[in-house]
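Colleague: Quick one: the structure is below, questions incoming.
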Amino acid sequence: MGHCYSRNISTVDDDDEIPSATAQLPHRSHQNHHQTSSSSSIPQSPATSEVNPYNISPFQSPLPAGVAPSPARTPGRKFKWPFPPPSPAKPIMAALRRRRGTAPHPRDGPIPEDSEAGGSGGGIGERLDKNFGFAKNFEGKYELGREVGRGHFGHTCWAKAKKGKIKGQTVAVKIISKSKMTSALSIEDVRREVKLLKALSGHSHMVKFYDVFEDSDNVFVVMELCEGGELLDSILARGGRYPEAEAKRILVQILSATAFFHLQGVVHRDLKPENFLFTSKNEDAVLKVIDFGLSDYARFDQRLNDVVGSAYYVAPEVLHRSYSTEADIWSIGVISYILLCGSRPFYGRTESAIFRCVLRANPNFDDLPWPSISPIAKDFVKRLLNKDHRKRMTAAQALAHPWLRDENPGLLLDFSIYKLVKSYIRASPFRRAALKSLSKAIPEEELVFLKAQFMLLEPEDGGLHLHNFTTALTRYATDAMIESRLPDILNMMQPLAHKKLDFEEFCAASVSVYQLEALEEWEQIATVAFEHFESEGSRAISVQELAEEMSLGPNAYPLLKDWIRSLDGKLNFLGYAKFLHGVTVRSSSSRPMR
């Protein structure tokens with residue numbers, strides 16, 4: 001499932017100078033959790049260079065064998081620490097050990113007590129319940145064939161249905177060994193994966209779920225057979241990268257699936273080229289996302305904190321142990337970067353080195369082939385790979401990006417709109433006035449997206465009421481959305497039951513200050529917004545009142561004084577910009593919009 005484990009390598013120090021020795025790159029490992037991949041030989045890229053002897057990470061390179069990634073792709077910066085730095089890989093390795101139920105590495109000292117070694121359930125002397133309540137008659141319904149893939153918990157086989165609605169149809173059967181389920185976490189992962197596959201199966205870019213069975217030794221998950229191989233194999237077959245036009249077609253499919261399961265309150269947590277399969281070997285084959293073994297529910301009012309995923313694709317906030325659906329967007333940004341240039345945006349010789357690059361280094365957009373790639377494509381990738389998760393586009397916003405617009409990707413409801421509107425109606429009148437001024441300075445490209453979202457909510461008489469938000473969410477609801485409790489946000493939007501949002505106020509409620517700050521024209525946007533605020537919404541405000549607006553204490557008074565003009569007691573430009581950015585939304589118990 002996740003692959004953030006590491007090898008014990010004592011001979012290479014991350015901060016040492018690189019010697020000039022050479023060695024063979026490791027072969028690309030086919031550890032597909034679902035289907036087989038093409039085994040045809042990969043053509044040699046014309047842009048080959050000396051073989052990199054330090055590609056010793058177990059995470060497989062997206063480059064063809066013999067192609068060394070340029071050190072300039074991720075600058076080889078020297079991170080100087082007064083003491084040896086803590087390894088960012090340790091939390092991931094520890095989390096995966098807990099899920100798999102495996103013991104930690106041997107250490108000096110006494111043998112740990114049972115409670116210490118047992119992880120999260122399933123310790124010594126504790127009997128795990130591995131009965132899932134699934135049907136038992138797998139062999140009566142399916143004829144099992146050859147193995148087509150293998151992963152940590154089990155393997156995937158070709159099979160043929162002997163009876164039922166899909167009689168005679170070939171399917172893929174993921175066989176998960178119960179002997180590998182040695183912790184309560186690993187058992188819960190399997191249960192949740194099956195639940196998610198059932199709930200999300202209807203989308204055109206989600207692998208279809210057919211059935212699930214079990215016996216005393218295994219769980220059998222019956223799914224659609226995708227015979228076109230992994231996206232990673234397709235990248236390799238093209239010499240390491242996709243032409244821009246083809247990359248767009250791939251990314252639209254990835255984002256379409258992601259926008260769908262994000263709307264259901266699901267975060268995948270392991271998006272990478274190996275977890276996307278083509279339905280056939282045809283050029284126009286549909287791409288489908290697989291492997292929800294590490295996925296979880298992302299409730300609107302909570303952040304996840306367990307560190308899982310694959311090293312090259314893990315988001316900075318995952319390493320900081322506070323993340324949600326935005327972490328998947330980062331992973332798609334890494335995939336986008338690889339598709340367009342054939343190199344990883346972050347590279348290291350060990351997992352710890354990779355994670356330090358993820359946290360500190362910036363992707364390189366100057367070396368070849370980036371000068372030949374369109375500026376709008378680079379803007380797209382940069383807006384996915386923003387280290388501040390609040391400034392990243394959502395999957396629905398990415399589908400509306402100008403670079404993808406000619407692909408006619410269609411639009412899905414963006415749940416971030418609900419969170420922003422909820423915050424708006426719970427904000428103070430002064431905060432709402434500031435946002436209304438900002439909405440009048442929104443660039444045309446951003447207005448296109450907001451207009452589309454407004455229409456998806458099906459306004460009546462030019463405005464939106466609470467029931468418009470309720471109906472729209474119900475239209476897209478699956479069992480996964482119910483499990484993630486996303487509809488609970490509607491209880492916090494009750495003030496809309498007695499008020500209508502027209503499009504102008506909807507824009508004020510739905511605009512993300514952080515995402516606007518990520519735009520190159522942010523200073524111009526803020527200047528125009530401040531002019532509107534000066535003429536329409538500004539008023540005199542005391543330091544104490546401003547501190548209360550921003551949930552700050554008396555210690556902040558000296559700082560806030562610089563934000564208020566002494567002449568008339570109103571916010572100056574700096575104060576307005578900081579006020580928009582700061583912690584301004586009151587708690588859910590604050591007074592609703594009047």
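Cβ atoms here come from the backbone N, Cα and C positions, even for glycine.
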Colleague: Given 238-258, 427-447, 553-573, which one carries Swiss-Prot's region 'Calmodulin binding (CaMBD)' label?
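Modeller: Range annotated as region 'Calmodulin binding (CaMBD)' by Swiss-Prot: 427-447.
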Colleague: Test of record reading: of S216, S234, S352, which one does Swiss-Prot tag as phosphoserine?
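Modeller: That would be S352, per the phosphoserine annotation in Swiss-Prot.
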Colleague: State the residue range annotated as region 'Autoinhibitory domain' by Swiss-Prot; the candidates are 284-314, 315-345, 408-438.
Modeller: 408-438
Colleague: Compare the C-alpha of D461 (Ca(2+) 1 binding site) with the C-alpha of each of the binding-site residues V148, G154, E505, and give the closest one.
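Modeller: Out of the listed candidates, the nearest Cα belongs to E505.
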Colleague: DSSP on R150 (ATP binding site), three-state: which is it?
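Modeller: DSSP assigns R150 (ATP binding site) to strand.
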Colleague: C-alpha of E505 (Ca(2+) 2 binding site) to C-alpha of G154 (ATP binding site): distance in Å?
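Modeller: One finds 53 Å between the Cα atoms of these residues.
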Colleague: Could you check what DSSP calls D461 (Ca(2+) 1 binding site) once collapsed to helix, strand or coil?
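Modeller: Reduced to three states, the DSSP call for D461 (Ca(2+) 1 binding site) is coil.
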Colleague: Do me a favour and check the Cα-Cα span between K500 (Ca(2+) 2 binding site) and T156 (ATP binding site); whole Å is fine.
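Modeller: Just about 53 Å between their Cα atoms.
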